[in-house]
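Asks: Residues or ranges marked as domain 'Fe-S cluster assembly protein Dre2 N-terminal' in TrEMBL: B:6-135. Look at TrEMBL and you will find B:220-313 tagged as domain 'Anamorsin C-terminal'. The feature region 'Fe-S binding site A' is assigned by TrEMBL to B:224-240. TrEMBL lists B:224, B:235, B:238, B:240 with the feature [2Fe-2S] cluster binding site. Under the heading motif 'Cx2C motif 1', TrEMBL lists B:283-286. Sequence annotations record features per position, and here TrEMBL assigns region 'Fe-S binding site B' to B:283-297. Residues or ranges marked as [4Fe-4S] cluster binding site by TrEMBL: B:283, B:286, B:294, B:297. Summarising the annotation, TrEMBL assigns motif 'Cx2C motif 2' to B:294-297.
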């Protein structure tokens, strides 16, 4: 996209880890385009610091990662370089306090309050940009909480999407109030959004390639171009490590890269999954007019959309290839999906009741797109975890134009897994729980990526990247460590224990049944017997093997005196890993109680302060999902 | 700059859709020898994104579509306006609703050429106590129901910094923004971008988190009008029973599905249309898909279908 001077005046910058901030930034960008506002959309990392001088209106959407940090794409460029990014520039000590006085800014933070460093990234950006460098805030920032416990949606039961909508509403209102007119062919006209029944053509669309008329048939493994950081891994082992009758399938997944990989405890692998051929074929059968073009070579008319570059774009561009490797057709649709596609509900022929039913379908799709009360959308899509594919199946009137598919179909995002193998071991090991669950939908729900992983066989290859997170950067030598990791939270602990950086490790591990899902039982017992670790186990549904202790926090309490001593006398490091939600909160409360009972802290507040201090010094780490 | 009188126009956001009102005021002012130098949206003053120079204007006009009795104006801006007027300066646009604010801040209310106007006293009232009827002072006189006037998020007092003072104009279109950048300041700022390669000292990120940030203040809360019912979702490690309740609901729906889905000899699935009364329920919506089905519909959780035709097998087969 070419940048005009005007388009630099308004910038939407995002820092995104799992993709929510990216999604919301894209939706805001789309809304601005519908209102004829030229603007820049970029990750914070890719935004050139020199553009900030021309920026007047800045909208920042950022999640928080790791131990209260700005996500990777907020700190570095897509090519992995970190010097002279906007954020490293703005942190310069010599900037005057009115450096950003020409900027009007607003912030939206996305966070999860089960992390103690809730929304720290947006708080840091806010403090620096507004309070220290003098940018003017258009309205007080919003902080979304996945748990709805604190932040802007505290106690409302409304999810992070509702917080985004509030941000969007305020932003659009401000811009429309301030710039109520626009120039059209030299004339001033009232600024009006493009009518909702018009589809806004994306910046770049697909067309049949001029070069060749030949169909492309899959004879060789696909190649992915344009992302130098993406690597190809080969599967060495993919073994189920929970007992067969147990409901949960957990895999010990081992692979090898082509080059040697450098990684340390807490680092993760991002995997780029793809859709199954069944899903792709089903999509094509639901949109029969796509079928005869499905294998034709295609190209983009105005360049490759940047979102497609992460992980590399499939070398031979076809509808089938894009559906399989890039378009997230098994994801749950957002309101913005309906906003883009509802006008394509045009086909009467497929409907048993003709025009009446067509109108009914159009109205319903429109309602999912624009209803402020998102209850219907929530009940139809989010609650039962309905996929885009299933929505298209239900709405027979949808006749989607393939030319714009990368605009209205979301892009598949990588998924992150903690590394379990010893640091820098060329055989990289992951511990992956295969996601499967029931909702009211007849078909069992499956995680797109873990379903993909579960089907990978030895010798298969896949795309990945290594994320060096520097989790233990500040803690190279610690006398003691207390590791708390129920379930698959054990994954990074395996790497940490294998790294031998600490001689006194207490591992609190928990699962449901001793006989079914005691992950890495023999290895852990061996380490315990060799005094490499002290292992404390509990099994929440297993009265026989764990009668008095249900959860990891109960076990912590049981050995509270000893652990408190380690914390206070040995400056032990605490690392909590596992499922987000109540576990990390309960564990934290348990530490507070321990400090009070055995650590001479009289009040809750003092104990909590001590934990906050530990966090600040990177002695209290948490990795939950 | 002209020799004439200098004026400021303040605009209610709703007026931006009718720019002719603003033009009319400017023309009338011009006919009286008054030159409109600056123009601000009132909410810019309110959120302190625009500031006013002291003692600069002879006349200030506030343009609002509200009727005189219903004007909502942030009281905290009255002293700001008083400060920016020259002694004896005139302020048009408010009404007796803000009479008390006028008096406190040293305005006389009078009529000038049959127009209602506030006139700034030439004596500086702040040096002596102002006599005001206490009764009329309403402690809660801050305007309500005026969402555009957001309270400033920071508890800081308004700071009138010269450096950050930019004339903020009503831009007619986005390109107007290009005109009002302060070249000198931008050049000064640009210096910092020249030597990007020089490793400068950086601030400590951790120090950006202040104690205050750990509390839940200074942020915008959402005004959640949309949830009819709370979208409560069971936690992953739910112990309160919500998860069981959800699971029971799911099981109940799946049981109902079993009454309409059967395995045929070939192990294929199809909707059983032979079940009396199930073919299309009384509501007539069974075949249309979940988006249109009733909450007790036995087909809930199954794809849309055409009556008489087997349901799309691919979508559900693999898990039966």
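Any Cβ shown, glycine's included, is placed from N, Cα and C.
Thinking about packing and proximity, how do these listed features fit into the structure?
Replies: According to its DSSP assignment, residue B:240 ([2Fe-2S] cluster binding site) is coil.
Only residues 6 or more beyond the boundaries of the motif 'Cx2C motif 1' (B:283-286), in the same chain, are considered here, and those with a CB under 8 A from a CB of the stretch are 292-294, 297-299.
Helix, strand and coil residue tallies for the motif 'Cx2C motif 2' (B:294-297), in that order: 0 helix, 0 strand, 4 coil [DSSP].
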Asks: Whole-number answer please: how many Å between the C-alpha atoms of residue B:283 ([4Fe-4S] cluster binding site) and residue B:240 ([2Fe-2S] cluster binding site)?
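Replies: Roughly 36 Å, rounded to the nearest whole number.
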Asks: Using a 10 Å cut-off, grab the number of neighbouring Cβ atoms around the Cβ of residue B:286 ([4Fe-4S] cluster binding site), all chains included.
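Replies: Residue B:286 ([4Fe-4S] cluster binding site): 24 neighbouring Cβ atoms within 10 Å.
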Asks: For the binding-site residues B:283, B:294, B:297, which Cβ has the most other Cβ atoms within 10 Å, all shown protein chains included?
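Replies: Within the set of binding-site residues, the most crowded position is B:297.
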Asks: Neighbour count, 10 Å Cβ-Cβ cut-off, for residue B:240 ([2Fe-2S] cluster binding site): what number do you get?
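Replies: The answer is 11 other Cβ atoms.
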Asks: To what whole number does the mean pLDDT across the domain 'Anamorsin C-terminal' (B:220-313) round?
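Replies: Average per-residue pLDDT within the domain 'Anamorsin C-terminal' (B:220-313): 68.
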Asks: Mind checking how the domain 'Fe-S cluster assembly protein Dre2 N-terminal' (B:6-135) divides into helix, strand and coil residues in DSSP?
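Replies: Grouping H, G, I as helix and E, B as strand yields 48 helix, 41 strand, 41 coil.
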Asks: Do you see any of the binding-site residues B:286, B:294, B:297 whose C-alpha is within 10 Å of residue B:240 ([2Fe-2S] cluster binding site), and which ones?
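Replies: Candidates kept after distance check: none.
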